[in-house]
Amino acid sequence: MTQPACIDDFEHLAKARLPKAAWDYYASGANDMETLQDNCEAFRRYRVRPRVLRDVSRIDTASDFLGFPASCPIGIAPSAMQCMAHPDGERATSQAVAQFQSCMILSTYSTTPLEEVVKPTNASYWFQLYLYQNRPVSADLIRRAERAGYRALVLTVDTPQVGRRLPDARNVFKLPKPWRLANFPKEFQILTASERAAAGRVNQGEMDELTNESLGNRSDTTLTWVECIPWLRQVTSLPIILKGILTQEDALLAVKHGCDGIIVSNHGGRQLDSVSASIDALPEVVAAVKGRLEVYVDGGIRRGSDVFKALALGAKGVFIGRPALWGLGYNGQQGVEEVLKILHDELRLTMALAGCRSIAEINPGCLCKSKFVPAKL
Ligand SMILES: Cc1cc2nc3c(=O)[nH]c(=O)nc-3n(C[C@H](O)[C@H](O)[C@H](O)COP(=O)(O)O)c2cc1C
Ligand SMILES: O=C(O)C(=O)c1ccccc1
């Protein structure tokens with residue numbers, strides 16, 4: 001391959017470059033990976049209804065994330081441990097987003113300290129949070145994010161425990177040296193169950209319980225609406241976005257508790273396997289929210305036409321997870337830039353061919369559903 005021409009090309013190129021355990025960690029979904037597969041398939045069940053003869057000589061993809069201007073409505077979802085993909089890791093992703101002028105959400109489990117990721121540009125940086133039983137640890141992360149210039153907090157709500165990803169279990173995955181979870185001090189680093197046992201922190205009888213902790217799962221499993229959102233509100237004045245909502249019921253609770261946004265997401269099929277594809281959950285969330293907060297979506301976006309479909313179904317913007325990791329794994333900052341550019345170009349072309357000149361012109365009438373899903377060639 002002389003030049004990657006679509007997102008799938010980056011997937012193949014990155015797979016050829018990355019060590020197996022890193023590749024498996026990025027690629028995998030929970031259990032049978034039904035949701036992972038459906039995230040992409042579901043887009044293919046929608047068809048575009050194009051309008052013609054509408055002067056598409058100028059296509060404007062300008063958009064915004066929570067009011068912060070962006071070149072287009074495609075941002076980067078938070079994904080952990082990016083230095084495994086490329087030594088420049090989160091810094092490279094950040095540079096690419098700065099060039100592209102969109103939005104990057106940095107994972108709590110970044111392998112670069114959060115202070116070193118934000119660039120002085122017009123791009124938006126949001127910080128993804130997991131809340132810990134040890135609340136001062138969380139409050140400290142929030143303070144640091146505020147000081148560093150992050151413009152919103154993204155609370156991930158679909159991960160009270162980490163989903164079971166079989167390739168990681170088989171590989172006994174752990175973050176390889178020299179990388180570390182750079183937002184935390186040493187005593188917070190991810191240990192595998194066997195390392196803990198070796199360090200005398202657990203006895204053999206506790207090993208089973210700890211297998212689910214091999215990804216550093218120290219999240220607070222007791223979180224509830226009535227406790228955690230008010231706690232966050234009292235700690236910070238940054239906008240609060242909930243990531244991992246899939247139902248109208250929870251969308252209404254997000255409105256009721258005064259959240260500023262929702263990311264409809266199933267964590268890229270890595271958490272509860274067999275939940276709906278994100279794009280299939282989007283319409284009920286959009287309908288429930290009725291414009292009272294911003295609704296974004298992530299999961300399975302591999303084409304500009306997927307972005308178009310998400311916007312037509314009411315998303316304010318989309319986030320990509322694995323495609324950015326593939327670009328990063330293939331060629332660092334430049335790879336991420338190329339991934340963003342390809343999606344942007346594909347979105348522009350879809351808009352032109354569908355007769356939409358601006359993001360505002362993309363609407364539910366641009367789509368219909370089809371039961372027929374052609375086999376992938
Ligand atoms: C390797 C990997 C690590 C991830 N780490 C996080 C994380 O730390 N926090 C989080 O909220 N979501 C995390 N996610 C989920 C992504 O933010 C996003 O929801 C998902 O990747 C979107 O699906 P896509 O990969 O099909 O684009 C991760 C996803 C992947 C693939
Ligand atoms: O891998 C993930 O998807 C993820 O969100 C996570 C959770 C705990 C530790 C590291 C990453």
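Here, residue 1 is simply the first one shown, and the rest follow in order.
Just so it is clear, glycine is given a Cβ too, placed from its N, Cα and C backbone atoms.
If you look up TrEMBL, you'll see HIS267 marked as active site, proton acceptor. Positions annotated as glyoxylate binding site by TrEMBL: TYR25, ARG165, HIS267, ARG270. The FMN binding site annotation in TrEMBL covers 78-80, SER107, GLN128, TYR130, THR156, LYS243, SER265, 298-302, 321-322. Summarising the annotation, TrEMBL assigns domain 'FMN hydroxy acid dehydrogenase' to 1-372.
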Glyoxylate site, defined by TYR25, ARG165, HIS267, ARG270: further same-chain residues with Cβ within 8 Å of the Cβ centre: SER28, GLY29, ALA30, VAL162, GLY163, ASP168, GLY268, GLY269, GLN271
Cα within 10 Å of HIS267 (active site, proton acceptor) - qualifying binding-site residues among THR156, ARG165, GLY299, GLY321: THR156, GLY299, GLY321
Top Cα neighbour of GLN128 (FMN binding site) in the set of binding-site residues TYR25, ARG165, ARG270: ARG270
Alpha-carbon spacing, GLY321 (FMN binding site) to ARG270 (glyoxylate binding site), which is rounded to whole Å: 12
Where GLN128 (FMN binding site) falls in three-state DSSP terms: strand
For THR156 (FMN binding site), the three-state class that DSSP assigns: strand
Cα-nearest neighbour of GLY299 (FMN binding site) within the listed binding-site residues, TYR25, ARG165, ARG270: ARG270
CB contacts for the residue listed as 'active site, proton acceptor' [other CB atoms within 10 A, all chains]: 25
Spatial neighbours, same chain, of ARG165 (glyoxylate binding site) - Cβ under 8 Å, 6+ residues apart: TYR25, SER28, GLY29, ALA30, ARG270
DSSP state at SER265 (FMN binding site), helix/strand/coil: coil
Position of peak Cβ density within 10 Å, selected from the binding-site residues ALA80, ILE301: ILE301
GLY299 (FMN binding site) in three-state DSSP notation: coil
Recorded positions close to ligand 1 - of PRO78, ARG165, SER265, HIS267, GLY321, only those whose C-beta is under 6 Å away: PRO78, SER265, HIS267, GLY321
Site of maximum Cβ density within 10 Å, from binding-site residues PRO78, GLY299, GLY321: GLY299
